[in-house]
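Per TrEMBL, active site, proton acceptor is recorded for E449. According to TrEMBL, the FAD binding site annotation covers T156, G195. As annotated by TrEMBL, domain 'Acyl-coenzyme A oxidase N-terminal' applies to 26-137. Taken from TrEMBL, the feature domain 'Acyl-CoA oxidase/dehydrogenase middle' applies to 152-261. The annotation domain 'Acyl-CoA oxidase C-alpha1' is assigned in TrEMBL to 292-463. Look at TrEMBL and you will find 505-678 tagged as domain 'Acyl-CoA oxidase C-terminal'.
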Amino acid sequence: MFKIESIKSQSPQVAIDKERKATKFDINKMFEFLESGKDEAALTKSLMQQIERDTILKTNASYYDLTKDQHRELTAQKIARLATYIEKDAPFFENFQKRLNLIAIVDPQLGTRVGVHLGLFLSAIRGNGTEEQFKYWAFERGAAYLKDVYGCFGMTELAHGSNVAGLETTATFDQKTKEFEINTPHLGATKWWIGGAAHSANHCVVYARLIVSGKDYGVKTFVVPIRDRNHNLHSGVAIGDIGAKMGRDGIDNGWIQFTNVRIPMNYMLSKFTKVDSETGDVEVPPLEQLAYGALLGGRVTMVTDSFRMAQRFITIALRYSVGRRQFGAKNSSEELKLIDYPLHQRRLLPYLALTYALSISSFDLSQTYDSVLSNLDAAGKSQDFSKLGQAIAGLKNLFCASASLKSTATWYVAQLIDECRQACGGHGYSSYSGFGKAYNDWVVQCTWEGDNNILASNAGRIIVQSIIKLQEKEKKIKGDLSYLNGISNIDKEAILLPNKQSMTNLSKLINAYQGTIIRLGVRCAESIGSKKSTWDDIAAQRVVLSKLNAVLYMLQHLVLKIKQLGDEEAHKQYLVQIAALFATSQIEMNFASYFLQFKAIDSLEPVADVVSELCLSVRDQVIGLTDSFQFSDYFINSALGSHSGDIYNTYFDTVNNLNNPQVRDGKAAYSEALEAMLRRDPLEVRECFEKSDKVLKKLAPKI
């Protein structure tokens, strides 16, 4: 096979290598910054190396040619492989969760399949079950080790998704037998989109309405066996595959219907709600919402997934933009690199800045989640009401932050993947670039674990409610929304970013975001207070508040981390530029009308100028800034984004190795139809034959 040779000065490899050598900072130190410290960075490297070297977990370009059945077969083999790792990592240790996050970079469907069991099934038991119930299912039965029990998460129904309180599956208590009877009363109550249900899971955490003595006590959680040890369906359980989806073919999403399925009484998870076996009395706690704390882990994980997926695809697009040349000056024989066009810089570099901002916030949100769960467990065991109050406050803070960040991050990364695809031109449309499958696999994150618009509007509502409380002189706000306490210090008429210089000052940018949120939030609060609007009337503004809050969260945490670096650190100056680019490009791309309306800026022109200048200042370091992610070609898995930059040979070889280049004179199965079309007789000949046929048909009866 011949190799594609370019004019040496225009060779993609030479261009990328030259820019790599021009990196002005230590990429290992930048990697440590992105991974939240030296120890975390070392762990990430070690886990990536283990994943890449594992022959069963192997993922390469052939991944893009697999059928649905092949994806599922390989995913099952990989799950079995991961079970051996979890035994060594121990359940719920950071190592395995981090391993799963890294696997999801190259194989999202595998990450989800295992994540449904550990992150949803077991987390539901942890959040809703007693300590004894959790120990039983996780350790005695072996679910924590992917042994004996493999679970799915039966929340959503065909007719209900985000509205959990409206679910209609029933769990009726039979006091005589001390059992619950699980039923699907009608088609709309069919459990739907249940990952792992179609073929894999043998148990399901079922969200169902608790019915005792004819009274409906609302939706509670139950562990329901759905298959026996031979993996045959239990009687009364009907299951099917929901069929073709946009992506993630490796996940066997299914539907489940229950008909008079009986489970023991202790299979109801009863950390909060309890049913007395003798009297049938039901004890419902005043703070039942605490049960959902453990389930917020899914949202937190999706913020981390957003960071990792953004790393992968901004790397591909930026490497391609350095290696690919198109057009150029009239009097020049050399074409320009894509990245040297200002338009291309403005298309991609704001997304590079977003990726950096996501890194720090994803780690901080994960730490907050772990802390909140620990506090909730400790408060529950101690029965100390002051500790419980603090834990609840932490949970509310986590709910707002995770809802805001999950919705905003998953939306933004969907945009990032598609813009990166388009920035790679026609080659980006090839499956082997990685963009197509990644986009189809990714966008489900915008609707699962809570539809993004619902989550965002809920987070926005919390912000408005907090402002109303402050206006009513209630206690000051703590946690991530504490900046709202500055409501009385915001001059309604002041321009928060009066000139270009202020737009590169990180402190002033943070103040501008805070001020815009407060001004918009006050407007919403006044509308609600005067009863001019209902909460639904301001739903669009609540979504904007959520997005603004998410960007502010990312910006604040990134800036705080930057401030911890010494001035002698070479990578600090680029991080400052990236943080400013992130903040200003978000204003331009997503919030211009609100910054203008609420007088954070008085013109968009200086913002656009600053974005262009910051893009230019970051431009010559794009290879170093993406090399800092330290992804090997295994994790990139793209014909267009290899570390070497040998774009055309890699792409050409991938296409030919996977598409049987030896058979050059073979015919397709549908070749006969095309051949007949091409060899057809002239029209006049065909018409002559048609006339002859008609004459013969008329004469036939007479002959």
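Residue positions begin at 1 at the first shown residue.
Cβ atoms here come from the backbone N, Cα and C positions, even for glycine.
Geometry remark: G195 (FAD binding site) versus E449 (active site, proton acceptor), CA distance 12 Å. Under DSSP, residues within the domain 'Acyl-coenzyme A oxidase N-terminal' (26-137) fall into helix, strand and coil as 92 helix, 0 strand, 20 coil. Secondary structure counts, DSSP: the domain 'Acyl-CoA oxidase/dehydrogenase middle' (152-261) has 6 helix, 53 strand, 51 coil. Sequence-distant contacts (6 or more apart, same chain, Cβ under 8 Å) of E449 (active site, proton acceptor) comprise G298, R299, M302, K406.
Over the domain 'Acyl-CoA oxidase C-terminal' (505-678) the predicted model carries a mean pLDDT of 94. Sequence-distant contacts (6 or more apart, same chain, Cβ under 8 Å) of T156 (FAD binding site) comprise K191, W192, W193, I194.
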